[in-house]
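*Asks:* This structure is in C-alpha cells; I'll ask about it shortly.
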C-alpha cells in the first residue's frame, strides 16, 4: 500500500513494514509504458460498481488482443473475488489475540488455514457495500480528508496465454464496496494479469502505484484526454528519474522517508500536458506559484500618507478576526500554554520586582510588579494587534529606573512625580510616532538585527538563571569541610549569659528535639539560680534570648544548593525531553502530542514532587499576600504637582526621548520577530496598534507608580512555540506538517487574570521551588536561542566541511563569507552585551 511512501506486508504476514521510499527498476517503468501503449484504456468511464468496471474493461479490449468469452468469464470471476487485506491492529488488539489464541503455529490438533486458490468458487466475492472491518480500520486516521483510493491488481494466472492490461479512470469517484482496505471513493484502477514467468508483474504494479502517488503524474492522469497524455506523463517522470548504478546499491535496502519533501512546483517548470496540442493545460499552475509566498507581503508596513492611517488600517485588518480570537482558543493545547506562560510570567515578575525594589528603595516592589503585569498584560491582550505578545519589564528599563532614582536622590527630587512626567511625555511621543506611521521603519530591520537582539535577550535569560542558581551557594553554603570520620566532634551549643552573672553559662545542644514546654524562671521568684538549663532550644529561640552559638557545626547547612542544582538541571532536561517526545517512536501520536503540549507543566509537577518527597528547605516562590504598597510612604496614585519644582514637567521631556527610543526599539523588534513569515500567521500584524497600546499603558502605569512594560521577546516566543499547530493526519513515514500558530487572545488574557489573583494563591504557589522555575527560564532561553539561524552558523564554525549539514544558503554563498557574516554578528553581540552590563545600557537600543 502507498499513501506517500511504500509499505509492504512482511514475510511473516503479521504486520506492515516501516514506510520507505520505493526503489524501482528502470525496466519495470519501460514495461509499464508498454502496457499503457498496448493495453485497454478507459478514460472518464461512467460506472457505479466494480463489476460494471470489470465488464467494460474486458469488453473494451483492442481487436488484436481480444479475449475469448470463456476466458473473459473466468477472468471476471477471478477479479471479483474478495481480496485478503492485512488489517492494521493496535497493540492492545495484538496482545488480546496473543492471549486468547489457544494455539499458535502448526501444533498438533490445531487446524492450518490455507488461502483458497484464485479460482476457488467458495471464496467470497467483493461486497457492494463496505465491510465492518473497513469502517473500523484504524488506518483511516492516517488518510487526509477528501482522499481517494486507487487500485492496482497484478498477478500470474495459469489460464492466460498472453498478458491482459487495463487502465481505468472513472468520471466521478465512487465507492467500490469492499475492494479497498478502507472505505474511500475510487477513481483509478490498473489491472495487469498474465501467464506465469513471463514478466515481472509485481514490479510493474509497484511502478504504477508509485506513479499514482506522484503529484505531478496524478495531475496528468486526472486531466488526460488521450493515451498519449499518460505516456507523456511517464516520459516526464523518467526525465526526473535518478538512476543508481548496479552493484552500488542493494535493492532490498529500504530508504527511510526524508524529513522534507520538495514542492511539486519546484520540481519542473514544464507541464507535460502543455506539450500536447489536444490537452486543456493547467491554468492554475501559475497561480499556485504566485501564491506560494506568505499571504501578507508587508502590507502592514506600507505608509498611507495620512495621520493615523496605519493605525486605522490595523484596526480594519484585525476587527474581522476579533470573534475568532476567542473561539480559536477552545483547544486543550491552550490550557497547557496558559499554565506554562503563567509560571514563566510569575517568575519574571518576582525577579524584576525584587530588583526594582532594590534599585528604588521599594518605591516599586514585587507587589507593584504583579499588579502592573496583570493590568498592562490584560489590557494589551484585549486590544492589541498581536495578542500573542507577552508584556514584561526588561533589563534596559530596569537600568533607567535605577539611574532615575539615583538622580532624584542626588537632586532632592520626588522620584515618583519625576517619573510620572517622563511617562506622560513618553506616551505623547508614542502617540506622535503612531500618528506619523513611524512603525514603517520596521521594514528596514534585517535578519542581522533580529537575530542579534533575540540572541542577546536569550543569553540574558540563560545568564540570569545560572546567576540566580550560583547565588544560592552564598545563602546556603555547601559544607565542603564535612568529613564522615570526624562526625563525633561535630556539635553546636547555645551559650546563654545571664546579666547578673556573666561568668556562668548554660549549654544546650541544638540538635535535640524541643520539649513540650520550657519553664521560664520568674524574675520575682526567690528561687533564682545563676544558670538555668532549658534543653531543646532552637537556633531562633537561642538568638532571641540574647545567646550565641558555639561549636564546629553551627554554620552547617544541609546541601540545599546541590539539591537545588539537581532540581534546576532536572527541570531543564525534563522540559527538553518531553518537548521532543512529539517526534518519538513510542506510544500513539495522540499521546505524544498531549505529552509534548504539557511538557513544561509535567516537568514542573515532577520536580515539585521530588522536592516535596525529599523535604529539604529549598528556596520557594514568595508571592505578596497583601494588597498594599511595598513602601508604606507612597500611595497608589502619584500626583503631578506638589513635591517637585514646576520646571520638572518640562525638563522631563529630555530623558523621555531616550525612553521613547528604548520602548520603540524593544517593542518593534520583538513584534518583527513574532510576525516572521515562517510562523505562517494568518490574521496579520498590528505594529501601529501595538505601539499605541504600549504608549497609552505608560500613562496608567506612571500615574499609579507601577513598572513600565514592553514586549518580552523570550516569553513571547515561548508563548508562540507552545501554540504551534501541526497536521492531525499524516501519511505513514511523513512528518506532521507545521500549519501555523493558534492565533487567539484567550491564553494571554487567562495568564494575566491568574497574575492578578496570584496574591490570593500564595498558599499554593509557596510550594514551588525557585530552582524549578529557573530551570524553566533556562529552557525558554535555550529554545529561543536555537530558533535563530545564528546558532546554526555558529555550529558551522566548529564543523569540518564534510560533516556540515546540507543547508540552503551553503549551496549559494561561499563558506568564508558565511563565516565572516557570523563573526561580525558575534562581535556586535559581544558589544551589546558589554553595553548591557554597564551603566550605558540605556543607550543599547540605539546601538541595536
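Cβ atoms here come from the backbone N, Cα and C positions, even for glycine.
A TrEMBL annotation is a machine prediction, not a hand-curated record.
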*Asks:* Among 155-203, 204-252, 253-301, indicate the range for which TrEMBL gives the feature region 'Disordered'.
*Replies:* 253-301
*Asks:* If you look at how TrEMBL annotates this chain, which of 541-559, 560-578, 579-597, 617-635 comes out as transmembrane segment?
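*Replies:* Checked against TrEMBL: transmembrane segment maps to 560-578.
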*Asks:* Looking at the ranges 369-398, 489-518, which is given as transmembrane segment in TrEMBL?
*Replies:* 369-398
*Asks:* Calculate the per-residue pLDDT averaged over the domain 'Band 3 cytoplasmic' (1-250) and state the result as an integer.
*Replies:* 79
